[in-house]
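K.L.:
According to TrEMBL, the protein has these features:
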DOMAIN    A:11-247  domain 'THIF-type NAD/FAD binding fold'
BINDING   A:13, A:40, A:61, A:72, A:85, A:109  ATP binding site
TRANSMEM  A:33-60  transmembrane segment
BINDING   A:170, A:173, A:245, A:248  Zn(2+) binding site
ACT_SITE  A:187  active site, glycyl persulfide ester intermediate
């Protein structure tokens, strides 16, 4: 479908880029991205993708806006306190760009709903704050052959990687199993500098846009780490042999999704064997 | 011997083991860190017995859970 004069004006700074052009902008307008978590990472990712004219954006979050969110979750305002985050996010995105259809899912993802949910989307952004969700998203994306961007932030640090089926390791290739509850601190316990979500969430939006338009190299096979204290980025190459991975490897042992509880036994994290709640 | 740790070339004694390196590098939550050496993940059960050699390139990959 041809763009309207208003769209040509709105997206002119994209269209003028030779790597994007009208063709790339139309791809964005036809694309569907799912953002899981409308928080520190999801907020900037959702805003940049809405502004970019990604035609359909799904937002999943079971929480309501809390005063303590507003230091970093810039999609929500003081007047939104108490509102479901998905509703508040949708209002901001619609106000930014009426071209975008925002679909809201006021719920938690789990093994029973995530595969069907991600199926209709082209790219998934993990903006969650806990390991059970991060492993669930990874496994579901591997099983549904969906590309996704993983990220984590804490204190003055952040990191992200991109999974594209057949193009390098998945999150589980690197981390194997979730750590026990409280073994690795969360933002709530350890704090996070507000702009960190902006840096890393915007990089996740960048990965989605680049994937959709088909430009450049993605963070597949690499983990990009950011240390704000020393203002250092590092693009760490990840091992390329994924054959032994229990979910994306050549002989997967994880073929059903796992709802990990936050508590798992002390000695079962990381590249250890773990018990799980099936 | 010279090995590269997180992109930086460093001098260590010959025969340095991975657990020794983890201690010298003050790796946070060492039991939950993923280690790769020369483009290969080191399985947890092999961490203890891994001995480093001249020219190795070591990366420590940390869990980072936050996002909300």
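Including glycine, each Cβ sits where the backbone N, Cα and C put it.
A TrEMBL annotation is a machine prediction, not a hand-curated record.
Tell me about the setting of these features in this model.
P.N.:
Sequence-distant neighbours of residue A:72 (ATP binding site) (same chain, 6+ residues apart, CB-CB distance under 8 A): A:39, A:40, A:43, A:192, A:194, A:195, A:196, A:197, A:198. DSSP gives residue A:72 (ATP binding site) a coil state; it is part of no helix or strand.
All protein chains included, residue A:248 (Zn(2+) binding site) registers 25 other Cβ atoms within 10 Å of its own Cβ. Taken residue by residue with DSSP, residue A:248 (Zn(2+) binding site) is part of neither helix nor strand, so it is coil.
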K.L.:
Under 8 Å Cβ-Cβ to anything in chain B: which of these binding-site residues pass, A:40, A:72, A:248?
P.N.:
A:40
K.L.:
Within the chain of residue A:173 (Zn(2+) binding site), which residues six or more apart in sequence place their C-beta under 8 angstroms from its C-beta?
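P.N.:
A:238, A:239, A:242, A:245, A:248, A:249 - these are the non-local Cβ neighbours of residue A:173 (Zn(2+) binding site), listed in sequence order.
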K.L.:
Can you tell me how far the Cα of residue A:85 (ATP binding site) sits from the Cα of residue A:170 (Zn(2+) binding site), in Å?
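P.N.:
Residue A:85 (ATP binding site) and residue A:170 (Zn(2+) binding site) have their Cα atoms 28 Å apart.
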K.L.:
For residue A:13 (ATP binding site) and residue A:170 (Zn(2+) binding site), determine the Cα separation and express it in whole Å.
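P.N.:
Distance (Cα to Cα, whole Å): 33 Å.
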K.L.:
When neighbour density is defined as the number of other C-beta atoms within 10 angstroms of a residue's C-beta, which of the binding-site residues A:13, A:85 has the lowest density?
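P.N.:
Taking A:13, A:85 as the binding-site residues, the minimal 10 Å Cβ count falls on A:13.
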K.L.:
Show which residues of the chain containing residue A:109 (ATP binding site), separated from it by at least 6 in sequence, have their CB under 8 Å from its CB.
P.N.:
A:36, A:60, A:117, A:133, A:136, A:137, A:140
